[in-house]
Amino acid sequence: MGIQKPAWLEALYTQKFFAGCPAHETAKKNEKNVFCLDCCTSICPHCLPAHRYHRLVQIRRYVYHDVVRLEDLEKLIDCSSVQSYTINSSKVVFIKKRPQSRQFKGSGNFCTSCDRSLQEPYVHCSLGCKVDYLLKHKKSLSPYLKVCHTLQLSPDFLVPQDNGDCCYDEDDEMTNSTIVDYDEPMSSSSGSENMSMMICTEFVRKKRSGYIVCGRSANNISSSDSSSEDMATSMSRRKGIPQRSPLC
């Protein structure tokens, strides 16, 4: 009864992944495909700002089952003798056991927990099967656990940037956009350029359908420059319907 799994390992085995995140129901790409070891919970990419200093592991999908990169899992626990598979040039291992509905009658290795046929020299088909075997025969996981203080997502992990709202983190700082204000007016001494204005940087966010301007601001132009304003307005108008020449 004194044998226990680490909290993160128990949560990794019981958490449900690739379900919609209740905290970001209306956001796109809100599937929970990241596991936070420090909070022992599954999160979606939109939850990352609140967990940016935590140990994170990306959960992937292979033949309808949850898998983790072997490179990431090896930093936490000894994964020797667990059969790995290759997905997108990365080796992964299954999290949960996958028992076979029919027994394989050929020769070869079999999983120690679910009797799944394996390649040489593996004897466990998943991380869960090896943990169950160690707890049953070795009575302890301590010799197989590793100390890992930092674990970040791989560089190829894509954080969605196509939501319409600007994202703020815990400190109410804008994380995805930076606004730069110029307080000094720009002036000129010739013609219509003799005016003062404040320029505020336009920040643009890319959407699937194109680019959306999030914000723009400018000060009012004086009445003496109304001609230049009319010119800008006329330039923005759509071109009218061409007139056909009269027939002779």
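Just so you know, glycine gets a Cβ as well, placed from its N, Cα and C.
Database features, via TrEMBL:
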| type | residues | note |
| --- | --- | --- |
| DOMAIN | 21-59 | domain 'B box-type' |
| REGION | 221-248 | region 'Disordered' |
| COMPBIAS | 221-235 | compositional bias 'Low complexity' |
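Look at the domain 'B box-type' (21-59): DSSP puts its residues at 10 helix, 11 strand, 18 coil. Confidence for the domain 'B box-type' (21-59), expressed as mean pLDDT, is 94.
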